[in-house]
Structures are given as C-alpha cells and as structure tokens.
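Record features, source TrEMBL:
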DOMAIN    38-198  domain 'Beta-mannosidase-like galactose-binding'
DOMAIN    209-328  domain 'Glycoside hydrolase family 2 immunoglobulin-like beta-sandwich'
DOMAIN    342-470  domain 'Glycoside hydrolase family 2 catalytic'
DOMAIN    884-962  domain 'Exo-beta-D-glucosaminidase Ig-fold'
Amino acid sequence: MVEIGKTVLDTGWLAARSTEVEITGVQLTTTQPPTEPSSPWMEAAVPGTVLGTLVKNKLVPDPFYGLENESIIDIADSGREYYTFWFFTTFECKLSNNQHVDLNFRAINYSAEVYLNGHKEVLPKGMFRRHSIDITDILHTDGQNLLAVLVYPPDHPGRIPPEGGQGGDHEIGKDVAAQYVEGWDWMTPIRDRNTGIWDEVSITVTGPVKIVDPHLASSFFDSYKRVYLHSTVELVNKSAWVAECSLNIQVSTELEDNSFLIDHLDTQQVFISPGANVHYTFPQLYFYKPNLWWPNGMGKQHLYNVEITVDVKGFGESDTWSHHFGFRKIESQIDSATGGRLFKVNGQPIFIRGGNWILSDGLLRLSKERYMTDIRFHADMNFNMMRCWGGGLAERPEFYHYCDLYGLLVWQEFWITGDCDGRGDPVSNPDGPLDHDLFLLCARDTVKLLRNHPSLALWVGGNEQVPPPDINAALKNDLQLHPYYMNSNNSGISTITPVIKDPSQYLDGTRVYIQGSMWDGFADGKGDFTDGPYEIQNPEDFFKHDYYKYGFNPEVGNVGMPVAATIRATMPPEGWQIPLFKKLSNGYIEEVPNPIWTYHKYIPYSKPGEVHDQILSYGTPKDLDDFCLKAQLVNYVQYRALLEGYTSQMWSRYTGVLIWKTQNPWTGLRGQFYDHLHDQTAGFYGCRSAAEPIHVQLNLATYSIEVVNTTSEELSNVSIEASVWDLEGECPYYKTSDKLIVPPKKTISTFEMKYPKSKNPKPVYFLLLKLYDVSDNHIYSRNFYWLHLTDGDYKLLEPFRERRPPLKITSLTFIKGSAYEMRMHIENTSKKPDSNTPLYRNNFIRTNGSCDELDSSESFHLLDGEKHDISLYEKIRRNFSREHNMAKVSEVNGTGKGVAFFLHFSVHASKKEHKKGEDTRILPVHYSDNYFSLVPGEVMTITISFEVPPGVTPRVTLHGWNHHDVHTIL
C-alpha cells in the first residue's frame, strides 16, 4: 500500500507568458508538454510570483535595486495578459486500492485554470483561499502526471497615479487581494500585483476517509490547574460504502532527546455514510496543571503535539493530521484607567510592546528560513506582539509556527484599509471589495487555516477602517467568543457546564474580533485618525504626559536608515550620495535626499519647525559611512526612548504600543529595525534594551531613574548603580540607591540623576545604569546613555573619536558543519577594574521567558580556564560536540583611558580581493547585543551565531565610534 500523507510540489516547475504559448492546456498536459527551460519556457519560482520568476531568470532587473523598478512595465500599461502566465510541472503518484489523492493549492493570486492529464478544473477568484481537487480518477498511477496551471492577475490591478499615493488609485480594493501592491508611502508598486502560485502546492494521499480542518481549543478551571482540550474534526467519506472508523487523538510532549512522552490517547468509533461529510467532536481530554504557553518575556513557549488519525475497518490507517498546540488563554478588554485595550494571557496582564508587520518579501519569496530569521529577530528585540497589517497578507502557517516557537502574539487583520476602502485620497470605494461573499469565504478559510496556533491573539477587521456593514456583522457573528473566553474569571469555575456548546465547534471562539485598528480600545477607540506620528521626534518628548492622548497606540513610526554596506549593496554609486542639508530661515534644517533615496521612501532625520536635525547634532557627516554611522546613533536613541517613554507610563496612561514598522518587504529606507538583507540597525538594539522584561532607565523628561518590572514576580533586594563618565574617561558622578522593592507589573521612579545640576558639568557625558541583586551582584539590567546638557549637542563626540581605549577580546568558537557559535569576551583595559565594585563583570541574571541573557562571569571563567558549572556552555558544547572549536585572544592597542563607544561586530566572507562596493557580509547573524559601549575596566560577553555558505570562511570584525579601524577577531 502506498504511504498516506502529503508531498509538496516545489521543484521542477517551468513558466511561460500565456501570449507566447500557442497550444492549449489540454495539449500541454497530453501530447505537447514542455520538457526543458527553452523559450518561451523558463524555470519558475513556485511558490512565488510571475515577477519573481522573471527576476530569477534575469529577464527583468531586480526591482528593489536602485531605480530599476521604473524600467519594469506596470500591469496598468501592459494589460493583464502580459502577466498572465502558464506554470507547468510533472509528478508521479502510485495508488493502491481504495486510496484517493487530492491536488492542493494553499493560495494562488488571483484565479486560475488547472489542467492535469488533459482534464480541466477552474480555480475561482480570491488570493486568500485554499483549493483542493480530487484527482483520483484522472491520475496516471503508473507513470508521469502532467500538470499545467494558467494563472490570471487580479481583476482590478489598478493604475499608479503620477504622485503615487497610498494604494495607488485604490482599484485593487475591489478584489480580495493584498492592497500594498499598488504602492504606499513606504513601498514602491509591485508591477505584477503579486500574480502567481504564491503558496504551497501539494498532493495528499488518503484512504477512504479524509481528515479536514480539525479545530483544537482549551478551557481552564481552578486557576489554570484543571484544563481541558476540546477537538472537533471534519471527516469526508470518499468511498461508496459505510466507513466504520476508529478515530484516534494522541497528545504528546517532545523531550530533550527528541523522543515523545504520550500524555493522552483516546479512541472513538464513528460510522460515516457513503460520500458524507460529518463533524465529530471528541470527548474533552483532561489535563492537570499542564505546561502553559506564554508570550515572549513572560515564560516558556510550551507546545504539545496533537495527532489525529482515522483507521477504517478493512483498510487500515486512512488519514493522519498533526499540529503543535499550546495551552493558553488570551483575554482583552478596554481598560478603565487608560481607555486602551488591556490584554491578559493566562490571567496575567501583559504590557504590549511590538511592531507592525507588512510581509517578509514583496515578491513573495517566502521561505521557512526567512520566516525563522524574521520572527527570531522580533523575539530578540524582546517584542511580544506583531500586527499583520490589513494591506498585506493573511500570514502563512510557517510564519505562525515560528511565532508559536518564539512567543510572539499576532494581531491578524483582514484585507481592508482605509486608503483603499472608503477613506483614501481620492475617496475610494466605501463598500469594500465588489464580492462580499468571496471576502467572507476567504476570511472563514483563513480562520480555519490559522486558528490552532497559540500565538494568534486577535482578529481585526481592517486597517484604519472597518469592513462594510454586512461583512463586519458576519465576522462579528462568525468570530463571537465562546463563554469560556469572555471577560470573566472563568478560570476559577469549578465545573464544565454541559449545556454550553463545545468550544471546538465554533469557527473560532477563543480570541476576540475587533472591527478596526483604531476602534474599541485602540487609538481613540472611535476610528478617528489618531495613530502616529511617523517621523523623527525629540527623544524627551516620548516621556511627556501629553505626548499621546490614548491608551494603546497601534502605529507610531520613526526613522530607519540602514548601514552603509546595505546602501552600497542595493543602490548604484549615484545612490551613495548623502542628503544636502538646507538651512531654513527659521534655523531648522531641511534634508534634500538624492532621487534614489526619495524613491526608496527615505524619511529625514529632521522635522523643520519641531525637531532639529538629529544627525547634524553629531557634526556634519563627511561621507556615506559617516552619515550611516551617525544615523545608527540616532536610531538607537530614538527607538529606545520611544519604548522607554511608553513603558515609563505603563498602566497609568498606556496599555501598549506597536511601532510602525519593524521591517520593509523591499529595500526601503524608513521604519525598520533590520533591512531587507537581514542586517540589523542600531535601533534593533535600542529596542532590545528598552523592552527587556526587567529594565532600568532614565526618564529623559525628568531625569528620574526608573525601574520597570513587567514580570509576575516581585523584585526585592535590588539596587541601582548610576555612574557618569566624561570624555576623558573620568567618573565625576557615582551613586547607588538604597535597597528597592519593585512590585510585579510596575514601573517605579527612584532618584533623580543630578549630574547636569552639579558644579561645572561636562557638556557631553555618558551615563551607565545597572540594576543588580545586592546579595550577589548579579545584574538584571544594564543601560548605557550618551547625553548632552540642555540646548546642547553631541559635536564634542567628533574629536573624541581619536581617543581610542585599548581592548582585550577573547573569543571561543564552536563550529558544526556550516553553523558557527561564538562567544566574544570584550574588556576595556584602559583601567583596572575596582575589585570592590564587581559589577564591572556584568554577570547577568537570566529572567524567565526572556531572550538569552549572557553571564559574563561564565565566559570570564571559561575563557580563563577555571573550573565552573555553566549550563549555557554545556548546551553549546553538547550541540557542537565532536566538531571543531577554537579559542583566540586579540589585543587592540589604544591611545588612552576612556569609554569604548558604540562598538559593533559584523561577519564577512574572507576574500583576498573584492571590488569597491562589493558586499562581503554574511547575513543573517544573530548577536546577543551590538552597538554597545564599555566604560574603563568593564567587561561584556557577546554571543554571535550564523551559518556560512558552502566554501566560505568567515571573518568577524569589530568597529566602533572611537575604534574606526576595522579589527579582525576571527
């Protein structure tokens, strides 16, 4: 018997423009199939888009490089037939008696004709719906099957006005499709409007009975001690006889050695009539104190594996389905104190700090590897929520899988935007898509696709708009909460009420539906345009009580300049010119960027009339490298201040904030923490610092030092060390606080940092804050600031670049195949550490649920050969056992005592020779920290992990503000 299961068809595809293929789909899949990529046929990107296929074959230039997108014809000018393409592949599939096979398309854009072995099927319209075709009777089970798919673009691709605009002319809003493709203020238009087979294609073999869309849900009682798993499954009997079925559900836990511990196993007998579809609900399974799934920063992301199988009498195993599942309860309500929406997970309030997400790549080159990097980056920033914006995608299961693993809550919007659906300029169609039934069909199918993921926190009707009344009413009805998930303390209920419908019988009753992104606890709650702002700010303004009036800001944006290497890699030399700084009559600066930066949506670092140019505050940049380095200083300050300002008023004014936005799906120059090539900006690490679960910070409006505790545990026996360091490396101000008690879920104010009020304060200085445990000097939080006096600037940092303190860098490298794991131990040796204040070692405490924190003492002892017990090292050692490892000590000579300022590592491919502007970086790289600074005598440990391409030897370099020569560490 042929093994049941799924086979993904993701290789061997060919593509051709439909107008260049003169034969029919029947002929293509019978007598005249293409056999090789010769004109008009080419290798195809499946999953992917037409434009992605053309780029892959170098038939059009990279649309994300420079101004090349302007040389690619837009669908409005070419006509839809220009981007209507054939896609062709072959596959083999043998079947045994009573087996069936389905051909599945998880998504296409926008409609298609499918031909298999001369037989035609039509795939109806809609970008966000699945298609499944029973091909059992037309399959060639003894040889090759010929599959051709003719894919049509959206019906209303629209036209891009000369001035661009949000969603072009808004015509795309008439279809159920991604709306960003007509361009936005952060995005250039996508010429084919993402036409293509953009998601997984597969065939699935089953027996007589098929499993369809199981739904898993859980209910909680007795303060989460008693938990029930609810499950309902749709069963389809494809046979001509009554199927006598054994329906099995198994719940297991994966152990560290990759084995599984079975927690539950239950079997039910079911009889299904010939050709029938039935929904069967299992008896609920009881768990006592199961491991709960928690968001990033609150605890671990415990996942169980749920497997459902159906055995048919006289046949055997007919079908199987499995999915990870996390026990968690998400509630939300409008907070009476702030007016913002307040979220709770497993009964614990969670202060939302996250970002807006468009999609990973504008050509829909979506891979598991890219998704994993994207989501891990968000977790590394200590974020706990991602908002999938309504003009983008219903994100894919792989996206949600990594959100489940890394603990990112997801706000998923449906495909409505104010710009394209009633509130645009010019005013767009207020009735949404033309086909409301199609919209609802896609919405319901999306819910079924994604509802079992614990990371999915809420559904939202649209971006800055609500769906049309009939769609909105249907969604409210379809997504109504089950009573167990309504806002009551039902975790304390003692018994299940038998008359209540089982939660797994709902379409989705476990997470709230909100009608729009500025309604019901978001922005002003009434739908007025009260999100934003979206540009550079004075850092101290984020802390002021009148900065933002409402309790939860769903969008607040800022700058996003990448590093110079990314500019050179994504633009021709004329794009390497930095902006002109035009002085206005009011004394403010207007930046005038080059045309390529303007095309890539550059957002300036000045706001004439309100914010002086923040890059010029460090001195006039000399060239691209200098400009981008100074931009990184500003990025770090801006985004750290943004999150610290909101967190400073946690619960008193705010319940959450989402930054617009975390990344770009192309090589854009605004609103991002890492670029399209996956290199992080300094803003990434500013966010990582500000959003750590336990954090010490300076209120930039009052200069009060605050402690943030977002965990559920009280902090006691802790103290703050505050030290000021001047540009000569002296410490003119030092203070430690009394012992503190910091309640859970609180921000407290402690003492004022009074150095600026002291006699003869220096105009530019550094402030180092540490929150530590008094009993053992382990550090909960470390935060480093560079500051100037009121009405001053940072121009004195320019001559400070010549003061280069010596460094000692000890590295330990583990290598396993292409994977590298490095621990860098960096010491500023310009001053011997004071043994009476051992905080210089930066021995970090690992807080439960946070991203990996490093204990420098572990590295210190490890690299000096002393005996110690070190769990993280043991994990690395086991993972990289029997493979190559090496240790190395590097000395960087210096010219005097001082702060080693704004150090950052990067990883490159070793090359004896490379062309000017050639990008040698190895990306992505995960750093435990970067763009960091060390005061005299201080020690830090940084971990670096990355994969190298075949045949490449990596080179790790260190660069800094006052270490401008590149130092090779590995």
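Each residue, glycine too, has its Cβ placed from N, Cα and C.
Automatic, uncurated: that is what TrEMBL annotation is.
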Tell me, roughly as an integer, the mean pLDDT over the domain 'Glycoside hydrolase family 2 catalytic' (342-470).
97
Candidates 38-198, 209-328, 342-470; stretch with most C-beta pairs under 8 Å toward the domain 'Exo-beta-D-glucosaminidase Ig-fold' (884-962):
342-470
Under the DSSP assignment, what numbers of helix, strand and coil residues are found in the domain 'Glycoside hydrolase family 2 catalytic' (342-470)?
40 helix, 29 strand, 60 coil
Residues in the domain 'Glycoside hydrolase family 2 immunoglobulin-like beta-sandwich' (209-328) grouped by DSSP into helix, strand and remaining coil:
0 helix, 82 strand, 38 coil
What is the three-state DSSP composition of the domain 'Exo-beta-D-glucosaminidase Ig-fold' (884-962), stated as helix, strand and coil residue counts?
0 helix, 41 strand, 38 coil
